Amino acid sequence: MSDISVEKLTELEAAAELERLARAIAHHDELYHAKDRPEISDAAYDALKRRNEAIEAHFPALVRDDSPSRRVGAAPALATFAPVVHARPMLSLDNAFSDEDVRDFVGSVYRFLGQLPDDSIAFTAEPKIDGLSMSIRYENGILVSGATRGDGTTGENVTANIRTIAEIPNRLPAGAPAVVEVRGEVYMAKSDFLTLNAQMAAEGKQTYVNPRNTAAGSLRQLDAKVTASRKLRFFAYAWGEMSDMPADTQLGMVEVFRQWGFPVNPLMKRFNSVDGLLAHYRAIGMERPTLDYDIDGVVYKVDRLDLQTRLGFRSRSPRWAIAHKFPAEQALTILRGIDIQVGRTGALTPVARLEPITVGGVVVTNATLHNEDYIKGIGQKGEPIREGRDIRIGDSVIVQRAGDVIPQIVDVVLEEGKKRGEPYQFPHVCPACGSHAVREEGEAVRRCTGGLICPAQAVERIRHFVSRNAFDIEGLGEKQVEFFFNAEDPALCIRSPADIFTLKKRQENSLTKLQNIEGFGATSVKKLYDAIDARREIALHRFLFGLGIRHVGEVNAKRLARAYLSYAAFEKAALEAVPPKEGDRTDKGSEAWQDMLAVEGIGSIVAEAVVDFYGEPHNREVLAALLAEVTPLDEEARVATGSPVEGKTVVFTGSLERMSRDEAKAMAERHGAKTAGSVSKKTDLVVAGPGAGSKLAKATELGIEVINEDDWFKLVGED
């Protein structure tokens, strides 16, 4: 779904994508901030956050309580250092990736303050140090604590380790405010990093990946002596709680820090124009290779503190500052091969195998190739990229590394007189299971259709199968599914949906008893078996949703169930629409295909996904095994209800006090109405409870009838 443009997402798809992004970004935040071992590049991480923000902007009603746009970093690692609550939150900065982004930032500052862009507002520009953010607190001039940023609100108490850094003073000069929090970046110099790695190699120990991770890991040592041996350094550039402000500008505050004995960056300067900021950005970029510390951009800040106060903050970042990121580092190497990886959603992703090359101090052997169009030299909108040059095995390629882990191939260097290899043929068969891999119109990604049988997708498919709106099997959460899937004992393993329903029988004939395994017990095992048995008969729409057919979400599953009424009829139609000729997507001339297209709300994309699924023999085998254990119940035929809301589209918003949101949907459908998650011109009625916000405002704007919850009950005759 991540390859679908935001504008094409349905509300259900957008909600699912926001949930996926929230989990993914939280996972990578924890790896980066709490465990110091990132899995993806900075650019890939930024792309996740930008997509999250774009979806939230397009679907503001779907913004989650746990949205990444509402938090910073990750909570500190547990059972290591005591937590410290920051007196003032340590927020992250928004990013700029182009000159235009910087001009937009400066323009937004002028617009917010209601001033014309006449260069009257000064900005500072300083290198963005690639280290670990730190807050150091002094009371009455004495260092009392040092804390990491953590999640921005709570960090880790690393005071003992901070005291070992020679560049951080233990006392402030006389005259300093009673309470001072100096903030900055702990880092390891490149020269010290190389010396440390040489020492580790000489001792036969594993060397470190880069200075940033090494500095973070060194600062989190439980033994302060280890930290002291690592020669960590510090740059001061910001502050937290201050009982008195010794200066009224950003530049003035940093100068005060210098006078107090803190190292400050000598490349920090003040400018009154965007052109000045951008010129300094390029100058720092030119000087970057000669610096003895890693930087990944330049930070711009409004210089006057009174203007910073007026500008204030967004939920997780200040309006008065932005980080202008540098482009990724690049190197030239040879493409030795292309492997295909299958993701948990069935997406086939090409991975380049490279002649080893050092990029930014790290040896790179693999790189992402994104998708088959990217290999062909075609961009996301069909435009030529790399001047239309395709990528072939044996080519000289430019590798770009935009962070700590995942590099990418950005260009091909054609050598005159050198014969190239054959154009790469992207596989149309899944390498993990042998099922067909199809690419839907308008999408960049080719996906495996083996759904229920593909080992690369199995865990995710089973999690979906047992989820709340599918089979809803209590006791089979994410951890339990992972446990059963990875179990090697045949009496315990669950690799397909049918395995869930044979678990009890397999256990009866096994010496390995589930109740004897840690995390389970006799009571919980009985409850699990009871929950499984309770789903041996299941509503047709839940059964269809549980199969995990692409594009058949909860709404479309209900549409199909209502149209076909029985599983036998649905399966017959799907199989009759399967093309007799291999390679065709669907038998578009068949009556079954035309009937499926005629189902209200089901278009060709959904119908083709259904036919692709049933066209795979592997899927049919798994379904046969499942149907031997489970009976999908026939859907009751819809009859005219005579209800005043029959055929209408209803939106529920705000807090409902007499029913849950699911009960409200069920009641509306029982009376022949359709429910929607957003208000549009097609909405007939809005039921608004306390706290109704944007949906209520939109309904009022469009002149749509709005009633409260009590009036709803009266309207449908269930008061």
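Backbone N, Cα and C define each Cβ position, glycine as well.
Database features (Swiss-Prot):
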{"type": "ACT_SITE", "residues": "Lys128", "note": "active site, N6-AMP-lysine intermediate"}
{"type": "BINDING", "residues": "Asp42, Ala43, Ala44, Tyr45, Asp46, Ser92, Leu93, Glu126, Arg149, Glu185, Lys301, Lys325", "note": "NAD(+) binding site"}
{"type": "BINDING", "residues": "Cys430, Cys433, Cys448, Cys454", "note": "Zn(2+) binding site"}
{"type": "DOMAIN", "residues": "640-719", "note": "domain 'BRCT'"}
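Where Swiss-Prot records a feature, it is marked here on the structure.
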| residue | record | CB count, 10 Å |
| --- | --- | --- |
| Ala44 | NAD(+) binding site | 17 |
| Asp46 | NAD(+) binding site | 16 |
| Leu93 | NAD(+) binding site | 18 |
| Lys128 | active site, N6-AMP-lysine intermediate | 22 |
| Arg149 | NAD(+) binding site | 24 |
| Lys301 | NAD(+) binding site | 23 |
| Cys430 | Zn(2+) binding site | 26 |
| Cys433 | Zn(2+) binding site | 22 |
| Cys448 | Zn(2+) binding site | 26 |
| Cys454 | Zn(2+) binding site | 24 |
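The Cα atom of Asp46 (NAD(+) binding site) lies nearest to that of Cys448, taking the binding-site residues Cys430, Cys433, Cys448, Cys454 as the candidates. For Leu93 (NAD(+) binding site), the nearest neighbour among the listed recorded positions (Lys128, Cys430, Cys433, Cys448, Cys454), judged by C-alpha distance, is Lys128.
Residues Val342, Gly346, Pro431, Ala432, Gly434, Ser435, Ala437, Thr449, Gly450, Gly451, Ile453, Pro455, Ala456, Gln457 surround the recorded Zn(2+) site, their Cβ atoms falling within 8 Å of the Cβ centroid of Cys430, Cys433, Cys448, Cys454, which are themselves excluded. Secondary structure of the domain 'BRCT' (640-719), assigned with DSSP and counted as helix (H, G, I), strand (E, B) and coil, comes to 26 helix, 14 strand, 40 coil.
Taking the domain 'BRCT' (640-719) as a whole, pLDDT averages 85 in the prediction. The two recorded residues, the residue listed as 'active site, N6-AMP-lysine intermediate' and Cys433 (Zn(2+) binding site), show a Cα separation of 46 Å.
Under the DSSP three-state reduction, Lys128 (active site, N6-AMP-lysine intermediate) is assigned to strand. Among the binding-site residues listed here, namely Ala44, Arg149, Lys301, Ala44 has its C-alpha nearest to that of Cys454 (Zn(2+) binding site). Cα distances from Cys430 (Zn(2+) binding site) to the binding-site residues Ala44, Arg149, Lys301 are smallest for Ala44. Secondary structure from DSSP puts Cys454 (Zn(2+) binding site) in coil. Taking only the Cα positions, the spacing between Arg149 (NAD(+) binding site) and Cys448 (Zn(2+) binding site) is 42 angstrom.
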